[in-house]
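**Q** Sending over a structure as structure tokens; questions will come in a sec.
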Amino acid sequence: MKLTLYVIFFFIIFNFPIPGVHSSIFLAIMVMLLLYFRKGGRNIDLYKLTKILRTSQFTLMFFLYLVLIVYTFLWAFLHGTNDYSIIKNLTLCFITILVGILFVPLAINHLFKEDDYLVEFSRLILVVFIVQSVIQILAFVEPSVAKFVTFFRKEKIQGFDYGGIRGLALTGNPYFRLSAGYGLSYIIFFYLYFKKKVNFPVIVFLLLFIGSFFSGRTAFVGLAVAIISYFVYSFVEVRLLFTRIFKFLGLIIIIVNGIILVYFFFVPENIRSIVDDKLLPFAFEFVYNYQSTGELSTSSSDTLNSMYFKVPETTFIYGDGRYMADNGVSYYKYTDAGYMRNLLFYGIFGLIYIIVSQILIFINPFLSTMNKNNKLYLLFILGFSFILHYKGEVLMFSPLYQLVVVIFSFSYLLKDFRCQS
């Protein structure tokens with residue numbers, strides 16, 4: 001049962017295409033329905049699910065997304081553009097969240113060992129990202145594994161492997177969304193590390209770190225946020241401040257030495273040459289650029305900055321109701337920056353609605369009696385989503401990220417989820 005649930009969650013959070021089934025999330029739904037009705041529908045899982053669906057937290061989330069979907073449809077209709085392509089992405093995110101909620105009772109009843117909902121779900125997320133890292137490493141060093149992974153890749157991204165260093169993950173979106181997910185996994189890791197809830201932290205961190213290389217540089221922004229979060233947690237518990245700092249420094253020293261040891265003594269020469277020539281220049285392009293030009297920049301950051309530009313006043317206020325360019329392939333105005341795309345489609349008021357909605361999903365946990373560090377943890381996750389949205393659509397739009405946000409938003413209701421029959 002536990003292994004099945006781990007696989008189901010992997011299928012939900014990474015949602016990759018499966019020939020003959022459409023996608024892994026649909027397969028996850030079918031398996032979960034079988035689990036729910038294995039006792040004729042009269043079981044603790046179904047009871048717990050109904051309790052969740054009756055909470056104000058679920059009602060709030062459902063209402064916010066329903067309004068956004070209707071608002072989006074009307075905006076394209078009223079502008080006369082009939083560009084409803086944005087609804088596909090929004091609906092996928094909403095469905096992913098609902099499927100994630102369907103998974104919650106099964107996880108609580110049959111997977112979690114401790115009563116701490118936030119810690120247990122954080123561990124679960126860390127596990128699936130560790131598995132994803134292992135898949136990417138195997139695909140990188142073994143062509144047959146890479147070929148197997150491409151079998152589950154979307155047709156439109158076939159061939160976009162950047163010389164064999166990207167697109168190695170078993171996921172529907174192996175680029176920005178996966179990289180954002182790895183950034184989130186760092187925040188989760190340091191939260192669990194602070195609470196002493198991570199087994200083999202050096203190995204776990206190394207796997208996340210290596211997985212980040214293949215997913216994209218955005219993940220390292222999450223690493224920076226995660227390190228800051230660890231020190232903030234430590235400052236909240238002042239009496240343990242110096243102990244936590246020394247513990248952190250010890251972890252870094254062990255990790256750095258571990259990386260050097262593994263890389264130079266256990267990685268084959270042919271793999272090291274690929275890493276040196278392709279992977280490191282890609283992952284640390286900003287360092288290479290600084291050494292040669294004295295500027296901390298990358299080609300992607302320069303491109304991203306150019307995707308923010310002035311718009312006419314009418315567009316700023318009302319938007320254009322456009323999400324895709326006339327060719328139906330390129331993004332409208334050739335920008336994929338999150339805030340800019342929202343502004344171009346909805347105008348400023350639609351963008352404000354998205355921002356406020358994202359905050360409201362976490363408002364109940366923030367106003368609850370959760371301890372300070374748990375609230376800070378959620379605050380860092382929320383704050384990171386706003387940082388990510390500068391690069392791509394994350395607020396209310398990224399299925400992976402919003403799945404985690406919504407699942408975590410129920411953490412303050414943990415006691416209400418428990419039942420004995």
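Every residue, even glycine, has its Cβ placed from backbone N, Cα and C.
Whatever TrEMBL says is automated annotation, not expert-curated.
Found this in TrEMBL, in case it helps:
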- 6-37: transmembrane segment (TRANSMEM)
- 58-77: transmembrane segment (TRANSMEM)
- 89-112: transmembrane segment (TRANSMEM)
- 124-141: transmembrane segment (TRANSMEM)
- 175-193: transmembrane segment (TRANSMEM)
- 198-214: transmembrane segment (TRANSMEM)
- 220-236: transmembrane segment (TRANSMEM)
- 248-266: transmembrane segment (TRANSMEM)
- 343-363: transmembrane segment (TRANSMEM)
- 375-390: transmembrane segment (TRANSMEM)
- 396-414: transmembrane segment (TRANSMEM)
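I'd like these features described in context: how deep, what's nearby, how far apart.
**A** Nonlocal intrachain contacts for the transmembrane segment (6-37), taken as residues 6+ away from its ends with a CB within less than 8 angstroms of a stretch CB, comprise 43, 45-46, 49, 95-96, 99-100, 102-103, 106-107, 111, 124-125, 127-128, 131-132, 151-154, 169-172, 178, 181, 399-400, 403-404.
Under 8 Å from some Cβ of the transmembrane segment (58-77) lie the Cβ atoms of residues 52, 83-84, 86-87, 90-91, 93-94, 97, 101, 319, 321, 323, 345-346, 350, 353-354, 357, 360-361, 364, 396, 406, 409-410, all in the same chain and six or more residues away from its ends.
For the transmembrane segment (89-112), the residues of the chain that approach it from at least six positions outside its boundaries are 1-2, 5-6, 8-9, 12-13, 15, 25, 28-29, 32, 35-36, 44-46, 48-49, 52-53, 58, 61, 65, 68-69, 72, 120-121, 124, 393, 396-400, 402-403, 406-407, 410, 417-418, judged by C-beta separation under 8 angstroms.
Under 8 Å from some Cβ of the transmembrane segment (220-236) lie the Cβ atoms of residues 180, 182-187, 189-191, 193-194, 212, 244-245, 248, 283, 372-373, 376-377, 380, 383-384, 387-388, all in the same chain and six or more residues away from its ends.
The list of residues near the transmembrane segment (343-363) in space but at least 6 beyond its ends in sequence, with Cβ under 8 angstroms from a Cβ of it, reads 60-61, 64, 67-68, 71-72, 75, 86, 311, 315-323, 332-333, 335, 378-379, 382, 385-386, 395-396, 405-406, 409.
Tertiary proximity for the transmembrane segment (375-390) is limited to same-chain residues at least six positions away from its ends with a CB under 8 Å from its CB atoms, namely 118, 180, 183-184, 187, 191, 218, 221-222, 225-226, 228-229, 232-233, 236, 304, 337-339, 355, 358-359, 362, 365-366, 398, 401, 404-405, 408-409, 411.
A Cβ distance under 8 Å defines the sequence-distant neighbours of the transmembrane segment (396-414), meaning residues of its chain 6+ beyond its ends; these are 12-15, 52, 55, 57-58, 61, 64-65, 68, 89-90, 92-93, 96-97, 100-101, 104, 115-118, 121, 125, 173, 177-178, 180-181, 184, 338, 354, 357-358, 361-362, 364-365, 368-370, 374, 378, 381-382, 385, 388.
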